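Report on one structure; see the data block that follows.
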Amino acid sequence: MIMPLINGLKITLKHMFMKPVTLQYPDERPTPSPNFRGLHALKVSHDKAKCVACYLCPTVCPAKCITVEAGEDATHDKYAERYEIDMLRCIFCGYCVEACPVDALKMTGQFELANYKREDFIFVKERLLEKK
């Protein structure tokens with residue numbers, strides 16, 4: 001009758017000295033793994049976005065949340081004049097990153113998406129270029 005009580009206390013004492021699993025979130029930030037698929041970001045090369053407006057990312061996107069409009073510069077090179085991602089529709093699958101032939105898009109480790117207005121969830125090109 002006393003042995004089950006002692007065994008229970010043994011388990012309790014063992015767990016008291018273990019490292020806690022839970023993080024106190026606002027104070028302690030988790031470090032996401034390198035494979036974590038967070039917010040999107042456009043990569044920059046020579047002070048401009050690497051995107052060549054090939055339309056592969058909106059084509060492979062299962063949620064149809066990416067909008068691209070192409071433009072041409074003075075040297076007749078294509079670039080994304082308008083690039084938008086609607087984060088309310090995005091499922092963070094990463095297909096857009098895998099499909100990009102010039103490696104212009106990446107998934108960052110940022111995961112905090114809280115906003116008050118729906119417009120804040122539509123990420124335009126300038127906002128995607130800010131993310132490092």
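Backbone N, Cα and C define each Cβ position, glycine as well.
If you look up Swiss-Prot, you'll see C51, C54, C57, C100 marked as [4Fe-4S] cluster 1 binding site, on the strength of sequence analysis. The [4Fe-4S] cluster 2 binding site annotation in Swiss-Prot covers C61, C90, C93, C96. What Swiss-Prot records for 42-71 is domain '4Fe-4S ferredoxin-type 1'. Swiss-Prot lists 81-110 with the feature domain '4Fe-4S ferredoxin-type 2'.
Below 8 angstroms of C-beta separation, residues 77-91, 93, 95-96, 98-106, 125, 128-129, 131 of the same chain, each at least six residues beyond the ends of the domain '4Fe-4S ferredoxin-type 1' (42-71), sit close to that stretch.
Sequence-distant neighbours of C90 ([4Fe-4S] cluster 2 binding site): residues of the same chain at least 6 apart with a C-beta under 8 Å from its C-beta are H40, A63, C65. The binding-site residues under consideration are C54, C93, C100. Their Cβ neighbour counts within 10 Å are lowest for C93. Following the DSSP three-state reduction, the secondary structure of C96 ([4Fe-4S] cluster 2 binding site) is helix. Taken residue by residue with DSSP, C57 ([4Fe-4S] cluster 1 binding site) is part of a helix. Sequence-distant contacts of C51 ([4Fe-4S] cluster 1 binding site), defined by Cβ-Cβ distance under 8 angstroms and a gap of at least six in the same chain, are L42, V68, Y79, A80, Y83, C100, V102, A104, L105.
Just so you know, the Cβ of C57 ([4Fe-4S] cluster 1 binding site) picks up 25 other Cβ atoms within 10 Å once every protein chain is counted. DSSP assigns C51 ([4Fe-4S] cluster 1 binding site) to coil in the three-state reduction, outside any helix or strand.
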